[in-house]
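In what follows, a structure is listed as structure tokens, so that the remarks can point back to it.
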Amino acid sequence: MAAALRSAGVLLRDRLLYGGSRACQPRRCQSGAATAAAATETAQRARSPKPQAQPGNRKPRTGILMLNMGGPETVEEVQDFLQRLFLDQDLMTLPVQDKLGPFIAKRRTPKIQEQYRRIGGGSPIKMWTSKQGEGMVKLLDELSPHTAPHKYYIGFRYVHPLTEEAIEEMERDGLERAVAFTQYPQYSCSTTGSSLNAIYRYYNEVGRKPTMKWSTIDRWPTHPLLIQCFADHILKELDHFPPEKRREVVILFSAHSLPMSVVNRGDPYPQEVGATVQRVMDKLGYSNPYRLVWQSKVGPMPWLGPQTDEAIKGLCKRGRKNILLVPIAFTSDHIETLYELDIEYSQVLASECGLENIRRAESLNGNPLFSKALADLVHSHLQSKERCSTQLTLSCPLCVNPTCRETKSFFTSQQL
């Protein structure tokens with residue numbers, strides 16, 4: 001057990017944070033008062049009310065389950081969030097996980113709580129997901145009256161409302177159609193795959209078939225409106241750099257990294273993130289030098305690289321001191337944008353390296369065009385009569401998780 005604890009402590013140190021605003025100001029330009037005000041605003045936004053019922057209390061016909069990992073809204077929720085995360089075998093496998101997971105969660109809680117305090121006391125991801133869902137279903141009712149009324153549901157893996165709780169609410173509402181809509185544009189077995197597995201497990205464990213017809217939007221890395229949103233936010237942020245420096249700004253597209261052991265099993269995530277980056281740069285006319293980098297590496301084992309912080313250091317050493325960070329795999333702000341990118345990299349690391357200007361492109365958050373993208377994705381999906389993407393039907397060539405096969409069978413067997 002001691003050896004297992006030491007091993008897990010190394011593998012899971014410091015940055016395994018999953019949770020979802022503003023762009024960072026140039027280095028050393030934001031005052032302490034401004035930082036405190038921003039943190040207070042983030043805390044207020046994080047403690048948002050639950051999603052409202054369908055307007056007019058009309059019985060919903062089509063439900064859209066918005067899938068994500070979620071994030072603690074208060075520091076008091078951090079330990080439960082971490083415990084669920086460390087117990088998720090779709091995300092990671094540990095020795096004696098039922099004992100080791102809670103142990104690590106308890107040990108990590110104080111440090112992670114302090115990081116959430118630094119961003120205002122909680123994650124705003126639920127608030128942003130609610131706003132995005134509201135905008136999406138409003139547009140859907142206009143775009144697709146024959147599948148209306150539409151209602152969105154939030155299904156988080158590690159905080160309330162949990163995926164299982166959302167499914168129970170959907171069953172009570174008596175829906176005809178249910179769309180499992182991942183909020184990760186790029187598919188990974190550890191994110192979207194874990195959420196889809198949770199849907200299969202729910203029905204398998206309760207021992208009954210769904211009363212509604214399920215399908216899933218399991219990836220959307222190159223949707224035109226998603227690409228337009230990213231391009232718009234990049235252009236907006238580039239305008240804040242000094243005019244004489246603008247063309248030499250290095251754009252660093254930062255995505256959550258993955259262990260190479262997962263990648264080598266055939267997880268499609270790296271290719272799909274790369275596809276998003278290429279489409280965005282094509283939209284921008286390749287106006288600036290750019291790289292795809294990876295953040296949040298944990299432990300000594302090989303992960304996708306280069307790491308975001310190492311890339312920043314390397315560029316600075318080579319005289320490239322104007323950098324724009326773009327969170328390309330996150331659509332809403334959370335701990336990895338607000339703390340890791342905005343504080344660890346844009347404040348602490350930037351000061352250590354001597355960067356001239358570093359900014360972070362705003363997350364998609366409440367952008368109306370992003371709500372339009374979500375509505376268009378669901379509308380097109382409902383019209384297509386597809387159960388899932390063709391890619392979802394293909395298991396990773398070296399898959400080691402038998403639940404994945406059962407989940408794929410669950411969705412492909414639905415009679416729409």
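Glycine is no exception: its Cβ is also placed from the backbone N, Cα and C atoms.
Going by Swiss-Prot, these are the annotated features:
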type     : residues                       : note
TRANSIT  : 1-47                           : transit peptide
REGION   : 41-62                          : region 'Disordered'
MOD_RES  : Lys50                          : N6-acetyllysine
BINDING  : Arg108, Tyr116, Ser123         : protoporphyrin IX binding site
MOD_RES  : Lys131                         : N6-succinyllysine
BINDING  : Cys189, Cys396, Cys399, Cys404 : [2Fe-2S] cluster binding site
ACT_SITE : His223                         : active site
MOD_RES  : Lys283                         : N6-succinyllysine
MOD_RES  : Lys283                         : N6-acetyllysine
ACT_SITE : Asp376                         : active site
MOD_RES  : Lys408                         : N6-succinyllysine
MOD_RES  : Lys408                         : N6-acetyllysine
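Geometry remark: Cys404 ([2Fe-2S] cluster binding site) versus His223 (active site), CA distance 25 Å. Residues Arg108, Tyr116, Ser123, recorded as binding protoporphyrin IX, reach a greatest CA to CA spacing of 17 Å. Taking the Cα of Lys283 (N6-succinyllysine) as the reference point, the closest of the binding-site residues Ser123, Cys189, Cys399 is Cys189. According to DSSP, Cys189 ([2Fe-2S] cluster binding site) sits in a coil region rather than a helix or strand. Neighbour counts of Cβ atoms within 10 Å were compared across the binding-site residues Cys189, Cys399, Cys404; the minimum falls on Cys399.
Of all the recorded positions listed here (Arg108, Ser123, Lys131, His223, Asp376), His223 has the Cα closest to the Cα of Cys399 ([2Fe-2S] cluster binding site). Using a 10 Å Cβ-Cβ cutoff, His223 (active site) registers 19 neighbours. Taking the Cβ of Asp376 (active site) as reference, residues of its chain lying under 8 Å away and at least six apart in sequence are, in sequence order, Leu143, His223, Leu225. Looking at Ser123 (protoporphyrin IX binding site) and Cys396 ([2Fe-2S] cluster binding site), their Cα atoms lie 32 Å from each other. The shortest Cα-Cα distance from Cys189 ([2Fe-2S] cluster binding site) to any of the recorded positions (Arg108, Tyr116, Lys408) is found for Lys408. Between the C-alpha atoms of Lys131 (N6-succinyllysine) and Tyr116 (protoporphyrin IX binding site), the distance comes to 21 Å. Neighbour counts of Cβ atoms within 10 Å were compared across the modified residues Lys283, Lys408; the minimum falls on Lys283.
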